[in-house]
């Protein structure tokens, strides 16, 4: 595909007219956006732009350097006659210069300047450190100057020793013959003086170079010492690598260099290394050997791979390293550990940079036996982190939910209808009041006359549209009422004028206050003769609901759901509260809402009642609700009529989710299925991990208590609950779990919405459970399977009946209670001792009746001495089954002979009594 002006402008992120102007300025004539551009045109344009911006480098290569390396081996014999192989590397370098530049010979003829290695970047240091370094450098300079002076004095003394004796030995001779000799000696002396001056100058230059090297080395060492402890690479390593690439830049080794390296000067009681001593201690052994090394350090030096002197030598080297190497003091590292909701022991140890054994040891000290793969909950993990001295932060790492809720913030906010929840005690007339407003007959269709679902309706009134949520009033539906208060803007509190404030009325008040929702009180049933509105007002004030007529802000409207009295005033007050709240929501945005209710329909699949809170929900949208997701296949309003979209504050029934969502879950429209699936799977895994971690924590906490108290095995009543909607299933499960006591417990094996299927029956067979169908029925296959396997299925449509039946079943599982009843009193008149039998008591039955099977207590001075059973009971010589009051008898006690005259026997019987919850 040919490149056009338009395509190039798009790649350069510029407009086509601007690019045409630049091409014209570069001398390239292009008439329109569709003209093609060649690579040559691009190069010309690039050079023009570089010149226009002041760049001298046109990007073209002017010089190419080719380096060729050749390696070979030569064999060389030493003085002992042994041959060794030396590797020789020859480097050939060729420079290719672009036409118009200097020739390679001219370039080669120029002297090569020695490029000084770049100084390592110095870290930022404080003024105190600068002063210390300056003092150290001054001291080093003084020591070197003193050393230089001493060497100079020694040289002068040596010169005097050489020259003075020669002068003394010369004999006096005649001037004429001596003149040529004197001239020669003078020339020789001048030459020697020049040589001496040159050598002194050379020595001084050498001393200066060594002093500079020593100062640089000292500065480098101090920089290394003051550098942070975790520096991985010394700054001087770059220069060292450059130095290793060639050998031409190294100076020739001077004579006596080894002596200079070993020499040290003592000044002030301190030993100072020679200035040529390198700070790289591992190369010291290599320098001492003086031989050619082709494979690194093989001389047995500190870093060598040959042992050199055996284990003793290695031990000495290791001890030398310990004594000379600088050890940075280690401080405890305090880490910020982000702890998610669940984390394994291994992950927690990795986050703290410790071994897993340390964490397991600490947990064992806290009474928890765990493995490295054990999942810990967030609270336990944070305690472990703090115990080990780190900082723990509760976090939700890698949570895709964090990306949600960012769409639609810039949309225009428009007024929306208020969402009004009707709350109150059971049978106070909430649904009847809504029926009167909607002119419908919902309450008549409710089983038992009570509401067991959340009903969502929107009503068109002359003053505007209102969305109503009708919540159950029975105590079992606390969670439903909490969800209703969460989704609402205004709460209508219905109180019966003849009944007053009841427990669920108080609970509704608490829900409204906790949610910060304004209240409107409707006193219902004012048409009844026993209605007492004043008593209701006083009870409401006692519950911190101050009415307007008492100086508060809560409207108070007497209404009658039967006659319709006060309905208009109630709606007017509701709309007035809505105007004060200024309720607004974006309409042209992805929908967000709340699951009010959910159920599993056999033909439609998962069905959810959703209240749209913002945006517009359309048919075909990808929806995410908790851990379930799916595309909206169908939408229906509260009357069962299909609809294509729903705006803010509109309740709709949707189909198409992957599973039944939990009631109260947030609903949001997602851009695509991939994102929705990712978040749903993440939530499923997180819910499972959190649940398992909490179960494990409870098991670990109760393990020692169970061992200490002794395991009391409770009887279990396994149940499988199938309900029509999520809210009813949730309420029934919670209510049945509350029936559990230590002796008998309710075990809910499975709870779900929908009809009873063969899967449920098979699960009941395995777990020996009873199936409770609440407003749901079993299909034909499930009924047949249940009959064949003896599975008990109970159907209920009123929550009271289900609870009562389970309570009765639990009562039947209780161990019967024992009741003791005193049936008679016997007085011992005489005691007979009979061999082989024991003591026989002659008695008189004072009160009641004595039976042969009765249990007795022996009383002595009204104190119980013994409790047991009768061994025999006789009347004269005959055995008797029972003896009544006023009759004498003889009896013996089983296993007890310590009977005395005057003792009494208390006769009693123990009977079993059925217990109930």
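Just so it is clear, glycine is given a Cβ too, placed from its N, Cα and C backbone atoms.
According to Swiss-Prot, the feature compositional bias 'Basic and acidic residues' maps to 252-262. Look at Swiss-Prot and you will find 298-308 tagged as compositional bias 'Gly residues'. For 415-582, the entry in Swiss-Prot reads domain 'tr-type G'. For 424-431, 470-474, 524-527, the entry in Swiss-Prot reads GTP binding site. Taken from Swiss-Prot, the feature region 'G1' applies to 424-431, supported by similarity to another entry. Feature annotation from Swiss-Prot assigns region 'G2' to 449-453; the stated evidence is similarity to another entry. What Swiss-Prot records for 470-473 is region 'G3'. The region 'G4' feature in Swiss-Prot is assigned to 524-527; the stated evidence is similarity to another entry.
Cβ neighbour count for residue 424 (GTP binding site) (all protein chains, 10 Å cutoff from its Cβ): 29.
The number of other Cβ atoms within 10 Å of the Cβ belonging to residue 430 (GTP binding site), over all protein chains shown, comes to 29.
When DSSP labels each residue, the region 'G1' (424-431) comes out as 2 helix, 1 strand, 5 coil, counted as helix, strand and coil in that order. For residue 526 (GTP binding site), applying a Cβ distance below 8 Å and a minimum sequence separation of six or more within one chain yields 497, 533, 558, 559, 560, 565, 566. Secondary structure of the region 'G4' (524-527) per DSSP (helix as H, G, I; strand as E, B; remaining residues coil): 0 helix, 1 strand, 3 coil. Under the DSSP three-state reduction, residue 471 (GTP binding site) is assigned to coil, being neither helix nor strand. Cβ-based crowding with a 10 Å cutoff singles out 471 as the top-ranked of the binding-site residues 427, 471. The average pLDDT computed for the region 'G2' (449-453) is 46.
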